[in-house]
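Right, one structure below, let's go through it.
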Amino acid sequence: MAAEPPALRLRPPGSTGDSPPVPRLLGGCVPLSHQVAGHMYGKDKVGILQHPDGTVLKQLQPPPRGPRELEFYTMVYAADCADAVLLELRKHLPKYYGVWSPPTAPNDVYLKLEDVTHKFNKPCIMDVKIGRKSYDPFASSEKIQQQVSKYPLMEEIGFLVLGMRVYHLHSDSYETQNQHYGRGLTKETLKEGVSKFFHNGFCLRKDAIAASIQKVEKILQWFENQKQLNFYASSLLFVYEGSSQPATTKANDRTLAGRFLSKGPLTDADGLECNNNFHLFGAPPNGMSVGKSLSKAYSRHRKLYAKKHQSQTSLKVETLEQDNGWRSMSQEHLNGNVLAQLEKVFYHLPAGRPEIPEAEVRMIDFAHVFPSNTVDEGYVYGLKHLIAVLRSILDS
């Protein structure tokens, strides 16, 4: 079993100091604020909880599902595990910290897991069920019929979006979609439906798509090289950073935005380089609208970025889609509080970083994992189709 979890932030990812108080439950735990799928707190199930130390608590399901998932985590994270396949699998799972029970209810058992979102400021989260079948080999005919009726296209598509939570820059808020959104996607609307997860209200986050593809491809590689386990009704949890700047840089950005709009213009010679090499030149010349001035500054920033990184062959973070998002923003969204809008522009810009952004893709939900001696063709099929859809979005 893994060591004790590190001390994590007290507030849920994406929350603010003005967030309403969260009800405290067993042992000081609170409902997981950023859960996008599964049993939710406040309904017929207790849902996923967050422990005061920052870990996630998943209540053990009734037999045989709960004991089966516990056995899976215990096997993979056994201290004496020497199986290369399982050791490699750990890289794609949330860290497991054993089981936990509240002092007042010792018979209630919870899996204690890493909160994959803890390092993100504004985490965008999507839960995608993988595989051509969402029922296991021992399911009854009634169970099979029930699962097939929920999403008849599962066999053909190979995955199902169970929920998503996307941070929108322009409103500083989250948009959420539940399982009904995913079940409503057809072969014709699947690409657009998945791309919604990567759109921040200004542009399509192709950098996050590319980073996610890399993670999924590593999981696919693991599945293609193992014949020990088959997974049913299991999911991938996607997470990427919705805010392009850490919270600690916002004060600096506000100062920069203020100087841009101040009466004392910055000359070309006074070009600023702040935070992650974002270049800003000059205040709006007399007679030039703020929108046009911003477009000009952005154009110069892009030219400098292209010149600086033209020899690099890494993935291009800035795209035509982002250009269009900029033009739309500069023409339509600069009414009212110009300073506030300008700050959002700074967060939106890629800031000249050539590296791949922070993103996570982890496997979750293991109540239907079974020993096998063959490649898990259903899961592999789903992964390959998901990668194909993501690549299609990236290349569009």
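For all residues, glycine too, the Cβ spot is worked out from N, Cα and C.
Feature annotation from Swiss-Prot assigns ATP binding site to K58, E114, D115, V116, D127, D365; the stated evidence is similarity to another entry. Look at Swiss-Prot and you will find R65, K129, K143, I144, Q145, Q146, Q147, V148, S149, K150, Q179 tagged as substrate binding site, backed by similarity to another entry. The feature compositional bias 'Low complexity' is assigned by Swiss-Prot to 1-13. For A2, the entry in Swiss-Prot reads N-acetylalanine, with the evidence type similarity to another entry. Sequence annotations record features per position, and here Swiss-Prot assigns phosphoserine to S19 based on a large-scale study or a structure entry. Summarising the annotation, Swiss-Prot assigns region 'Disordered' to 1-22. According to Swiss-Prot, the motif 'Nuclear localization signal' annotation covers 300-310.
Other C-beta atoms found within 10 angstroms of the C-beta of D127 (ATP binding site) number 22, with every protein chain shown included. Within 10 Å of the C-beta atom of E114 (ATP binding site) sit 19 other C-beta atoms, taking all shown protein chains into account. Each of the binding-site residues D115, D365 was scored by the other Cβ atoms within 10 Å of its Cβ; the lowest score goes to D365. Nearest to V116 (ATP binding site) in space, judged by Cα atoms and limited to the binding-site residues R65, K143, Q147, S149, Q179, is Q179. Listed in chain order, the extra residues whose Cβ falls within 8 Å of the Cβ center of the ATP site residues K58, E114, D115, V116, D127, D365 are I48, V56, P94, L113, L237, R362, I364.
The closest partner of K143 (substrate binding site) among the binding-site residues, by CA position, is K58; the full candidate set was K58, E114, D115. When the Cα of D127 (ATP binding site) is compared against those of the binding-site residues R65, Q145, Q147, S149, Q179, the shortest separation belongs to Q179. Between the binding-site residues K58, R65, K143, the minimum number of other C-beta atoms within 10 Å of a residue's C-beta occurs at K143.
Sorted by the number of other CB atoms within 10 A, the binding-site residues Q145, Q147, S149 start with S149, the lowest.
Closest to Q179 (substrate binding site) by Cα-Cα distance, out of the binding-site residues K58, D115, D365, is D365.
In the predicted model, the motif 'Nuclear localization signal' (300-310) shows an average pLDDT of 50. A helical conformation is recorded for K143 (substrate binding site) in the three-state DSSP classification.
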